[in-house]
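In TrEMBL this protein carries:
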- 1-368: domain 'Major facilitator superfamily (MFS) profile' (DOMAIN)
- 12-36: transmembrane segment (TRANSMEM)
- 42-63: transmembrane segment (TRANSMEM)
- 106-128: transmembrane segment (TRANSMEM)
- 198-216: transmembrane segment (TRANSMEM)
- 228-248: transmembrane segment (TRANSMEM)
- 255-272: transmembrane segment (TRANSMEM)
- 278-295: transmembrane segment (TRANSMEM)
- 315-338: transmembrane segment (TRANSMEM)
- 344-366: transmembrane segment (TRANSMEM)
Amino acid sequence: MYKSCRHSCKVCFILGYIQTASGAFQIVGAPLFGYIVQRSGIRFGLQLCYISTVLSAILLLLADDVTTLVLSRIPCVLMQSAQAHQALISLQTSPGQERTIAFGRLGLIFGFSFVLTPLLSMVAVSIASEQGPILLSSVLSLLPLLVLKLGVEQTSYESDASSNPAVTPLPENNGSDLYSVVRVLRRPGVLNVMFKKYAAHLPHILIVAVLQLHIVEQFQSTQQTGQLIQMIMGLCMMLSSGFGVMWLRKLFNEQALLFLGLLSFSVTYALFMVLYRLWVVFIILPFLAIGMSLVDTASDSLLTSLVSENEQGLILGVVASVFSLVRTLAPTISGYIIEKHGFSTLAIIGFMSTACGHAVMFLLPINENLLTKPKSE
């Protein structure tokens with residue numbers, strides 16, 4: 001038993017080490033990817049993203065020790081799929097209802113992946129043992145390259161920015177990525193929207209980092225229970241993103257959707273405070289899915305409307321890098337808080353943080369004129 005426990009601890013340590021490396025690469029890669037899109041175009045960025053995904057799967061398949069496992073995570077620097085596709089959608093849609101609904105449909109696909117991935121993994125394992133999911137991932141990662149080549153036309157936004165009057169030319173002295181980040185953060189309203197997004201979302205990341213472990217320890221749940229929770233969460237995300245967002249956008253604007261998303265997060269954190277029975281999790285999931293769908297869709301739509309077209313990929317990259325940083329640190333922070341103060345403290349932090357987001361919404365609303373006027377330097 002002692003050897004078994006020691007082996008389990010070693011495996012957990014290695015997994016944590018690899019996850020930390022992946023998170024670090026994602027933190028570096030998110031703004032870098034946005035800068036690449038800003039400089040070389042979204043099509044080139046998407047190609048890098050897809051090729052990096054295939055390369056990562058191949059390296060993972062060939063890995064036979066900890067060093068090669070860590071090396072297989074290096075392509076994570078450019079594996080910024082959500083950011084890349086949001087940038088593409090931003091360039092192909094108009095600010096407001098059209099863009100918000102398009103982001104909602106992207107969330108529908110994201111929710112569908114929550115449901116489909118466990119099923120495909122089980123089938124792949126049954127056919128090709130433990131390497132099956134990696135092989136399947138390598139093959140599936142090639143499909144987006146074909147879709148991009150055959151299904152997405154080369155459009156005017158790939159041409160030189162100077163030929164497009166809707167795009168603000170880059171200043172000559174912005175030779176560094178840091179300068180670009182500072183410039184885009186100084187756009188009116190950008191930090192306002194980012195604060196509201198983070199106020200609701202970041203505490204949720206802290207909770208999710210330890211939720212599965214908490215459920216296992218508190219309720220002695222099994223792996224099948226975890227898979228069931230993931231699939232139900234995926235279904236809720238599909239319904240809230242695919243139908244809820246589109247329906248609500250016809251009734252409310254983006255700022256109202258953001259308010260409703262914050263409200264749903266408040267209910268979610270309140271329910272997490274009373275997580276004393278396993279069935280409470282299944283009540284929490286719909287509110288969590290609605291909050292994530294509304295906050296993500298509305299805030300990303302607002303952010304891409306507040307900056308010029310050639311800065312949309314960059315602002316999405318900045319947002320993604322903060323989330324990657326929090327995901328990397330979340331297990332350590334959440335574990336410490338649970339050990340010292342209990343799981344409900346995380347929920348209290350989330351509730352109070354979301355309340356701050358509500359306060360900013362009422363005290364510092366976004367000027368609607370910022371969402372429609374040209375974004376000049």
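Cβ atoms are placed via backbone N, Cα and C, with glycine included.
Bear in mind that TrEMBL entries carry predicted annotations, made automatically and left uncurated.
The transmembrane segment (198-216) shares the most Cβ pairs under 8 Å with 315-338, out of the stretches 106-128, 255-272, 278-295, 315-338, 344-366. Between the transmembrane segment (255-272) and the transmembrane segment (106-128), the number of CB pairs under 8 angstroms, six or more residues apart, is fewer than three, so the stretches are not in contact. Of the candidate ranges 42-63, 106-128, 344-366, 344-366 has the most C-beta pairs within less than 8 angstroms of the transmembrane segment (315-338). Over the domain 'Major facilitator superfamily (MFS) profile' (1-368) the predicted model carries a mean pLDDT of 78.
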